[in-house]
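Asker: Right, I'll just put the structure down here and ask away after.
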Amino acid sequence: MNGSGSQGAENTSQEGGSGGWQPEAVLVPLFFALIFLVGTVGNALVLAVLLRGGQAVSTTNLFILNLGVADLCFILCCVPFQATIYTLDDWVFGSLLCKAVHFLIFLTMHASSFTLAAVSLDRYLAIRYPLHSRELRTPRNALAAIGLIWGLALLFSGPYLSYYRQSQLANLTVCHPAWSAPRRRAMDLCTFVFSYLLPVLVLSLTYARTLRYLWRTVDPVTAGSGSQRAKRKVTRMIIIVAVLFCLCWMPHHALILCVWFGRFPLTRATYALRILSHLVSYANSCVNPIVYALVSKHFRKGFRKICAGLLRPAPRRASGRVSILAPGNHSGSMLEQESTDLTQVSEAAGPLVPPPALPNCTASSRTLDPAC
């Protein structure tokens with residue numbers, strides 16, 4: 001984060017220089033370890049559920065998959081290194097990682113915010129123009145949008161490759177900002193505008209219009225249909241994810257603005273506040289799988305299937321009849337049935353109710369023919 005490369009070590013040494021016990025040296029790594037564990041397992045499960053059987057085929061699924069990739073990259077590539085700031089006085093990972101870690105932090109942050117903005121537009125089109133938007137909301141266009149998202153993220157985070165550097169300071173090896181104060185202030189302001197302020201404005205506008213449309217155009221006939229319930233449910237889930245992103249990253253950006261445009265003295269209280277802002281912003285990368293599990297029953301079922309498959313031994317080879325019937329239990333993706341055109345009705349009427357036998361099935365029909 002901004003200034004986190006060396007200021008953490010400097011503040012730790014300044015505030016804890018009396019030789020007393022430093023609680024942040026123990027408590028902060030524990031919280032980081034919890035974030036790392038929950039985030040790694042949760043996002044890995046999300047990716048496994050969406051990729052299992054090629055289920056990430058809808059636009060919403062692809063965007064959620066991309067969000068999971070960004071969160072997992074942040075957890076694996078950034079959190080372990082940032083945790084050492086509060087436990088070690090020195091930066092021990094070398095000059096290359098000093099630049100790369102901070103670059104990846106802002107790369108994944110931009111990718112997450114742009115993805116949330118894109119999925120908010122996707123939800124608005126799916127709700128407001130369900131028929132006319134089908135030609136636009138295709139997997140191919142979603143992949144193109146994801147490529148554009150990462151391209152923009154690289155563009156806006158690229159300068160951070162030179163923002164930080166490793167150097168010696170008072171017999172310590174530190175990773176600290178290398179730019180002058182005016183350049184850093186301009187860069188931090190641009191980061192706030194493009195990675196937070198503009199995406200939040202897009203999220204607010206699209207979801208406000210989506211909710212307004214949903215509540216003003218409730219049709220008593222179609223409101224209770226499986227398709228409408230599914231679209232409302234997945235929209236609610238994405239709104240929760242977007243709100244959590246805004247809330248989790250708000251303290252970090254507010255703190256940075258206070259440093260540059262207000263008064264932020266280096267005291268024990270402000271140091272604790274900076275640690276808290278880091279923890280809250282980092283925790284955003286592990287809360288999305290929890291939201292999916294709480295809101296989406298399809299994700300819960302997918303999580304249970306993945307966990308059950310990991311815990312139980314490999315099953316024996318199934319017979320031909322079982323192998324044909326098995327795919328029927330996975331006819332829809334975990335989120336696809338909730339997101340666009342597929343509905344929850346297919347789940348209730350498909351896997352649980354066997355299809356009736358056709359009257360013209362004869363002995364010539366093979367036993368493996370699913371129609372018989």
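For all residues, glycine too, the Cβ spot is worked out from N, Cα and C.
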Asker: With reference to Swiss-Prot, is LEU51 found on the same side of the membrane as ARG229?
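Answerer: Both are annotated on one side of the bilayer.
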Asker: Identify which of CYS98, CYS246, CYS248 is listed by Swiss-Prot as the disulfide partner of CYS175.
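Answerer: Between CYS175 and the options CYS98, CYS246, CYS248, Swiss-Prot records the bond with CYS98.
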Asker: Pick from ASN11, ASN360: which does Swiss-Prot describe as N-linked glycosylation site?
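Answerer: When Swiss-Prot is consulted, N-linked glycosylation site appears for ASN11.
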Asker: Which numbers of helix, strand and coil residues does DSSP report for the topological domain 'Extracellular' (163-187)?
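Answerer: The counts are 8 helix, 12 strand, 5 coil.
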Asker: Are there residues at least six beyond either end of the topological domain 'Cytoplasmic' (122-141) with Cβ under 8 Å to its Cβ atoms? List them, or say none.
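Answerer: Distant Cβ neighbours of the topological domain 'Cytoplasmic' (122-141) are 57-60, 62-63, 206-207, 209-210, 213-214, 231, 234-235, 238, 339-340.
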Asker: Mean pLDDT for the topological domain 'Cytoplasmic' (50-60), rounded to an integer?
Answerer: 78
